[in-house]
Amino acid sequence: MAETEAGLEVEEPTEDDTLPSDTVSLSDSDSDLSLPSGVEVQALSPERLSGESQEDSGPDDPPSHPTGIPTTAVQPFHLRGMSSTFSQRSHSIFDCLESAARQEPCSAPQTSVVDNCSFKRPVAPPSQTPARSLSRVHGNTDPTRVHPVPDYVSHPERWTKYSLEDVSETSEQSNRDAALAFLSSRSQASPTDYVPFFNQDPSSCGEGRVVFTKPVRGSEARAERKRVLKKGVVSGAGGEASVELAHLAGPEAEEWSGHQGQPEVVVPSEAARPESSSGPIGMKTVGFHGSKKRSRDHFRNRDSNPEGPGSERGPSV
C-alpha cells in the first residue's frame, strides 16, 4: 500500500497551473476531471511546456528562449499516469486532424462555430468535380437516334398522291344543294314496286302498315253457326218443313214433364191413328229439360202407386 501511494502522488495546483479560459479546451464528454484511478488531467501552458523541455534537454543542448506571447493554438490533453504508447497515439491522432484542417483553403465557408473554435468542412475530392461539370456542360453523350425514312419517300410508286388544288372552295349553301341533288337522284333510281316490311314505311302517313290484332276464333264460329241456322230457317219456310222432336218422346220424358209441370208441345204424328191415314194428325206430348243432369231414380209419378198391380214385390219373409 505504501508503494502504491508513493507511485500515485497528487500535486496541488499552483499559480503556474492556473490558466485563463481561452487557453483551455475540453470536449463535451470531459465534464469531470477526476478519474477513479487517480489520474489527473491537466492542460499545459506554453510556458510549462517550455520549462519541461528545458529540464528534459541535456546540458549540451542550447537552451530554448521562452516566448512571452502565448500561442493561440489549442494544446492536446495530457494524461498523467498513462503509458507512453497511449500518449503517442493520442498525439498522432490530433496532429493528423490539425494538419488536415490547415491544408484546407481559407476561402471555404465555415459551417459552425463552437467555443470560439472554427470547424471547416473538408474539400471534396478533385476527381468527382470535373466529371460532373463535363456531364452538365455536354449533356447526354449518347449518339442521336436516326429516324427511319418513310415508305412514301423511299418507294413513291406504291403510293397515290391526291391533291385538292384544282377544287375551288364552296360555301355552305352550295354544299347543301349538292347534297340534295344527290339524294334526289338516289330516290329516282330506287324501284317503284318496292314493298316495305311491316312498320318500315318511310312515309309519315304509314300507308300499308301491317296492324296485328288478336285472333277471334269463337266469334267467327258463332257467326258461321248463325249463318247456317238462317239458311235452314229460310229453306224450311219455303218448303213448309216441320221440326219434329220425336227423339225426345218417351215414357221417361212424360214422367219428367208431369213432375216438373212444364208445358206440353203437340207434335203431329201419322202413327197415332193407323186406321185413317188421311185423317187428322194425332198429337203427342214432349217435355223439355235443362242442361243440368239429374238422376231419374228420385223422380216418380204422382198418380203411380208403388203397391199397385203394376208393381212387383217379392214374397215377404
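Using N, Cα and C of the backbone, Cβ positions are placed for all residues, glycine too.
Taken from Swiss-Prot as is:
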- 1-78: region 'Disordered' (REGION)
- 1-19: compositional bias 'Acidic residues' (COMPBIAS)
- 20-37: compositional bias 'Low complexity' (COMPBIAS)
- Ser57: phosphoserine (MOD_RES)
- Ser64: phosphoserine (MOD_RES)
- 74-101: region 'Hom2' (REGION)
- Ser83: phosphoserine (MOD_RES)
- Ser92: phosphoserine (MOD_RES)
- 123-151: region 'Disordered' (REGION)
- 146-300: region 'Interaction with SNRNP200' (REGION)
- 147-183: region 'Hom3' (REGION)
- 198-238: region 'Hom4' (REGION)
- Lys214: N6-acetyllysine (MOD_RES)
- 247-317: region 'Disordered' (REGION)
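Known features from Swiss-Prot, placed on the structure.
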residue	record	Cβ within 10 Å
Ser83	phosphoserine	9
Ser92	phosphoserine	9
Lys214	N6-acetyllysine	4
Lys214 (N6-acetyllysine) and Ser92 (phosphoserine), Cα-Cα, nearest whole angstrom: 118
Residues of the region 'Hom3' (147-183) by DSSP state, where helix covers H, G and I: 19 helix, 0 strand, 18 coil
Alpha-carbon distance [the residue listed as 'N6-acetyllysine'; Ser83 (phosphoserine)] in Å: 125
Where Ser92 (phosphoserine) sits in the secondary structure, as DSSP reduces it to three classes: helix
Three-state secondary structure, Lys214 (N6-acetyllysine) (per DSSP): coil
